[in-house]
Each structure stands twice: as C-alpha cells, then as structure tokens.
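Listed in TrEMBL:
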- HIS450, HIS455, GLU508: Zn(2+) binding site (BINDING)
- GLU451: active site (ACT_SITE)
Amino acid sequence: MADAQYILPNDIGVSSLDCREAFRLLSPTERLYAHHLSRASWYGGLAVLLQTSPEAPYIYALLSRIFRAQDPDELRQHALAEGLTEEEYQAFLVYAAGVYSNMGNYKSFGDTKFVPNLPKEKLERVILGSKAAQQHLEEVRGLWQTCAELMFSLESRLRHLGLGKEGITTYFSGNCTIEDAKLAQNFLDSQNLSAYNTRLFKEVRQDGKPHYEVRLASVLSTEPTLDSEMASKLKSYEYQGSHFWVTRGDYAPILQKVVEHLEKAKTYAANSHQEQMLAQYIESFTQGSIEAHKRGSRFWIQDKGPIVESYIGFIESYRDPFGSRGEFEGFVAIVNKAMSAKFEWLVTSAEQLLKELPWPPAFEKDKFLTPDFTSLDVLTFAGSGIPAGINIPNYDDLRQTEGFKNVSLGNVLAVAYATQREKLTFLEENDKDLYIRWKGPSFDVQVGLHELLGHGSGKLFVQDEKGAFNFDPETVINPETGEQIQSWYRSGETWDSKFSTIASSYEECRAESVGLYLCLNPQVLEIFGFEGADAEDVVYVNWLNMVRAGLLALEFYTPEASSWRQAHMQARFVILRVLLEAGEGLVTVTPTTGSDGRPDARVRLDRSKIRSVGKPALERFLQRLQVLKSTGDVAGGRALYEGYAAVTDAPPECFLSLRDTVLLRKEARKLIVQPNTHLEGSEVQLLEYEASATGLIRSFSERFPEDGPELEEILIQLATADARFWKGPSEAPSGQA
C-alpha cells in the first residue's frame with residue numbers, strides 16, 4: 001500500500017453543508033436566481049480538472065460513467081463478488097469522493113497527490129465488470145487504460161503540484177520551467193495582459209527558438225469579434241528573442257454552459273447592479289477579457305447586502321506554481337442576518353481599528369472604502385475546495401480605488417468547529433476542553449479580522465503610466481530605513497506579478513497576523529459579544545490555535561524540494577517562528593512520547609505573556625511586512641519571508657524531525673457534501689445528501705442530470721487535444737533552476 005500521506009483514509013471525516021433553513025426563506029424568484037448561478041458555478045468548476053493534472057479529466061469521466069450507471073450500494077455487491085474486501089471497496093468510494101471533492105486527484109489543501117488505497121488489479125476488476133462497462137465496454141476500458149497508470153503512480157515528480165522538477169501542473173506545459181514562467185509574466189506585463197485566465201504552452205520548433213502560446217479562457221476562439229479590446233491582443237509577438245502567440249478558446253464548451261446559465265440568472269436579478277454584473281461576466285467568459293470581469297466586479301462591489309450573494313470566475317492563484325493564474329471557482333450563498341449584524345458593527349469600527357495597526361498612516365489607503373461584510377450560508381461552492389472566509393475581488397487596482405467585499409461562510413465554519421477531543425493533537429491535556437469550548441467563537445473573530453482588516457488594509461505605492469504617484473515621494477519616509485521611498489509599483493505591475501511565488505502566502509501571513517494583533521483589542525471582542533474572562537479565553541484560544549496550526553503546517557512542507565505546498569499553512573508556520581523568536585517562554589514546542597509509545601509533541605503558550613511579549617513581536621513583524629509590500633520591495637520581502645519559512649533541524653525545535661511526528665499523527669481534512677438544486681416546472685427544489693463518501697458520490701452523480709455524458713465527452717476531448725504537452729510526465733524539463 002502507498003505511503004499514508006498519499007491516500008485518503010477510510011475513516012476520513014465527511015460533513016454535509018446545512019443550508020436548508022436559509023434556502024427555505026428565499027422567495028421563488030430568489031431561488032431561481034440562486035439555482036441558475038449554482039448551475040453556472042458547477043459547470044465552470046469542471047475547468048478545475050483541466051487546471052490540475054493531465055489525468056484528472058479522464059479519472060473524473062471514468063468515475064462519472066461508473067456511478068451514473070450504478071449506485072454505490074449496487075456496485076458494492078459486484079465488488080465483493082469480484083473478491084474485494086469491504087475495506088477495499090470503501091477505499092475506492094473514499095478515493096472517488098476525494099476526486100469529486102477536490103476536483104481532481106491532488107488535494108486542494110496542500111497540493112499533494114492521493115491514490116486509491118487498494119491494489120490496481122482489484123480496482124480494474126470492479127471497473128471492467130461494472131454496469132457502465134457492460135453497456136459501453138470499449139469506452140470504459142479506453143478511459144481506464146488512459147488514466148490507470150497515472151492514477152496510481154507516485155513517481156517523485158508526480159507526488160505534488162509544481163513546476164519543472166518540483167511537480168506537475170497543467171497551468172503550464174510539461175516542458176516549462178520557472179524561467180519560462182518569469183519570461184511569460186514579463187511579456188504579459190509588457191502587454192498589460194492579466195495572467196488570471198491564462199495557461200502557457202511551450203514548443204521548441206525547427207528554428208530552435210521557444211514558441212509560447214498564451215491561451216485565454218473564453219467561449220470564442222478564432223471567430224471574428226466586434227470586441228476591439230480583445231481583438232487587438234490576439235496576435236503574434238516577438239519578445240526578448242522568443243515568440244509569443246496570444247490565443248483564446250480554453251475551456252470553450254464548458255464556459256458556453258456557464259454563460260447560458262448566467263443569461264438565465266439575469267432574468268431573476270434583484271436589481272440593475274446584478275444585471276450589469278452578470279452582463280459583464282458573460283462578456284468576460286465569452287471574449288476572454290479580464291477587463292470585463294473587472295467591470296463586473298465593480299458592479300458586484302456596488303451590490304450591497306444582497307439576499308443571494310455570488311461570485312464567479314478565475315479567482316485564486318494559490319495553485320499556480322508561479323502564483324499568477326487563477327483557478328476557476330463559483331459560489332452561491334444566502335445571507336445569515338444575525339451574524340451579519342456583528343460583522344456590520346465591525347465594519348463601522350474599521351476606520352478606527354485601522355489606526356491601531358503598526359505602520360505609519362502613509363502606508364494605509366487614503367480612504368477606507370466601506371465594504372459589505374456578511375455571514376453567508378453556502379448553497380454552492382464549485383472549485384477545488386471551500387474556504388471559511390473570502391475577501392474579493394483580488395484585482396489590486398479595484399481594491400485600492402473601488403473597494404472589496406468580505407464574506408464569512410457560516411455553515412462552512414460550523415463544519416470546521418466540530419472537533420473530537422480524542423483527535424486533538426499536540427495540545428496539553430488542560431488546554432483541550434478550553435480549546436473545544438472556544439475554538440468556534442475565536443475562529444469567528446479571527447476570520448472577521450483576517451478578511452476585513454487583514455486583506456482590507458494597506459496601501460500599494462504606484463506610479464501610473466503617466467508618471468503620477470499615488471504617494472508623495474518627497475515626504476513619505478520608510479520607517480524601516482528612515483529614508484525616502486526607493487521602490488514602488490510601475491504601471492501594469494501587481495502584487496501577484498511582482499511577488500509571484502510568495503505573494504499568496506505572504507499576504508495570508510499579513511492577514512493572519514492582523515487578526516491575532518487586533519483580537520487583543522477589547523472593542524473587537526465586545527463587538528462579538530465577549531467581555532471579561534470569556535474575552536480573555538477567546539484571545540488565548542485564538543493565539544493557541546495559530547501556534548498549533550504552525551506546527552500542523554509541517555505536513556505541507558516538502559524537504560526534498562525545500563518548498564511549501566500550501567499558502568495558508570506556510571503563513572501559520574511563519575507566525576509560529578515569529579512568536580518563538582520573541583522568546584521569554586511565550587511559546588514552546590517540545591518533542592515528547594505519546595501514551596501509545598510513538599513520537600509526539602506539545603505546544604505551549606504562556607497566556608500571561610501574550611500582550612507583553614507577543615504583541616510587540618507582532619508589531620515589529622507586521623510593520624516590516626507592510627512596508628515591504630507597499631514599496632514593492634521583492635528582494636527585501638523574499639529575504640524576510642523565506643527566512644522565517646525555512647524549515648531546518650536546528651535546536652531547540654528541530655522542525656524537520658518534528659515534521660515526521662506531524663505526519664505520523666495527522667488527521668485527513670474533511671470532505672464536504674453539498675446539496676443540488678433541481679428545477680421542477682417553475683419551482684426550485686433543494687436535494688440534500690447524507691454525510692458519507694456514498695452521499696458525496698450521489699450528489700455528483702445527480703449534479704448534471706441533463707447532460708452528464710456530454711460533459712464527460714467534452715472533458716475527454718479537451719484533455720486529449722492538449723495531451724501532447726505532458727507526454728512522459730515523469731520526465732522533468734531541463735534548465736530548471
């Protein structure tokens with residue numbers, strides 16, 4: 001059997017998202033609006049398969065065919081008759097549920113591959129003897145033969161998502177290196193093109209020069225267009241001795257279905273902001289225009305306090321190894337009025353709280369653009385995973401001048417709160433009950449501060465295309481050097497494009513640190529209803545949770561490549577290092593031996609020193625983070641961040657050795673079952689499923705009742721059309737830095 005870190009255990013936690021009451025309270029028109037947005041999101045989410053690994057679309061298509069033809073319980077009888085044990089069949093169900101939940105065969109949280117935890121020959125017997133194979137033997141056998149080897153392979157380069165020697169990715173062709181990614185980013189910046197909705201394909205032709213295709217996601221490909229904004233970009237370029245060709249049409253048939261349902265959703269929009277927002281999203285997905293998506297995002301920001309909230313597009317860049325390309329996601333959620341009232345109170349206090357942050361006023365936005373901040377119950381979240389909170393849009397220019405929205409996903413947080421005492425690792429026994437009691441409430445506070453005042457704070461110093469500055473270069477002083485500002489962002493440069501591979505994690509670290517820092521403020525705690533001893537317990541558990549998370553983060557570090565695979569967890573490890581560096585016994589991490597005789601560890605936080613030692617340490621660190629970000633000082637930012645993110649075996653913590661202990665005692669991340677909406681006449685029905693691997697599989701089997709087989713063919717055709725770019729995927733390209 002495979003190493004435990006590359007399988008999903010049979011006893012993996014599975015939870016269902018509860019949105020029944022929120023859905024019940026929607027009007028018929030709101031339900032129709034939510035339904036069509038959900039359909040658009042689920043269709044678009046299929047693009048993630050094509051953004052993950054070469055084999056992911058084939059695996060998905062194979063599983064979909066099997067379970068559409070045969071319910072998991074019926075297939076179980078066949079599997080047992082073929083000689084599988086109950087444990088082996090359950091392992092297959094967990095694997096299938098994992099593929100659906102992560103939209104591919106790599107974990108969304110950590111980017112690690114997972115493989116079926118049963119012998120390949122036994123799985124082959126189940127698949128080729130299934131009802132789907134009986135009905136369409138050649139098709140099912142062909143799919144199996146296409147993906148079986150890669151489904152099980154744990155060759156070193158295939159164990160993680162990455163670029164060049166570091167892993168596999170389908171954002172780039174298999175022969176691309178980090179140098180190709182840098183060159184392509186510079187080219188995109190020179191043409192004022194965003195990387196968010198692109199993939200990069202490299203071919204070396206007879207002239208010996210590299211030829212790069214920058215392919216935009218869109219419904220249209222070579223068709224003539226009246227849209228001059230995009231037409232002028234679709235051509236060949238010579239750039240720094242290389243040939244670039246900007247094309248479009250990536251994921252075209254998938255985005256066509258997204259557009260069809262966005263058109264239908266427009267009919268049920270609650271106001272003109274929603275109508276114009278959807279019109280621009282349709283334009284964006286049709287033409288391949290990020291500028292149109294930005295315009296849609298402007299209308300989205302202006303749509304204050306909707307009952308049904310949504311966002312859709314190529315959004316988060318965590319899984320692009322270079323940190324610039326967005327994974328498709330779409331969510332639909334319903335407002336939770338009680339918790340939203342607390343967040344609104346936090347918003348009204350935001351301008352005052354921003355003044356508490358430890359950097360000079362010149363490094364803060366000129367005007368705080370009051371955002372929406374709502375607590376939502378998720379109806380649909382399509383993509384590779386579901387976060388607990390979101391601060392979007394990610395476009396720097398919009399965030400600086402137009403604003404943003406914050407959402408806390410209440411029913412996702414409720415799932416995350418659920419903690420069994422016996423599964424709590426690395427805590428002292430006398431901390432466990434307190435941790436269980438206050439983890440949920442403290443997480444509400446941290447998510448609120450992280451999203452609103454973490455991601456919502458700080459200014460980027462920019463010089464526009466006309467040479468004008470958004471700060472006074474004569475008077476603004478860098479508090480770290482005592483000198484005038486020496487660096488800034490030029491026109492076309494963004495946070496993601498400049499800081500690339502560390503951008504996501506660095507920003508998550510800044511936001512998490514803001515949350516820890518401001519949760520010490522009594523006004524914040526009062527907003528969330530905590531005073532006195534309860535408030536102190538919330539602070540303690542919030543800090544303790546961050547310290548523990550920093551240790552748990554070691555699961556997502558790869559020693560062989562000296563690299564991190566998950567932005568949020570890298571950020572938490574960095575914070576742990578900062579607090580350890582503060583000294584005076586504030587935080588200790590001690591290796592121990594568990595009651596089972598195996599290696600263990602304990603984290604301790606001295607609550608009496610949080611304010612006297614921890615707060616000053618965070619003040620110093622936060623100022624450095626913000627100053628380096630504001631000034632676009634990539635060299636300084638990398639030196640600071642990568643220094644703290646380094647994992648060594650230096651005493652006293654010996655983190656490399658502790659990583660083995662973390663892997664030994666890690667608990668698999670929960671899978672989440674989501675409902676479906678179904679249109680019966682003019683009424684929308686909510687279809688819910690049990691919290692199990694079987695329930696998750698059934699939810700996907702019933703997700704595309706009208707066109708499931710067509711979607712499988714689309715995925716196969718799209719994957720096959722580009723398969724040549726990853727031939728021999730275990731062969732790393734030469735020239736990797």
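The backbone N, Cα and C atoms fix where each Cβ goes, and this holds for glycine too.
Burial estimate for the binding-site residues (HIS450, HIS455): highest at HIS450, by number of other CB atoms within 10 Å. Highest local Cβ density among the recorded positions GLU451, GLU508 belongs to GLU451, counted as other Cβ atoms within 10 Å over all protein chains shown. Same-chain neighbours of the Zn(2+) site beyond HIS450, HIS455, GLU508, judged by a C-beta within 8 angstroms of the site's C-beta center, are, in sequence order, ASN391, GLU451, GLY454, GLU507, ARG510, ALA511, GLU512, VAL514, GLY515. Cα to Cα, GLU451 (active site) and GLU508 (Zn(2+) binding site) are separated by 10 Å.
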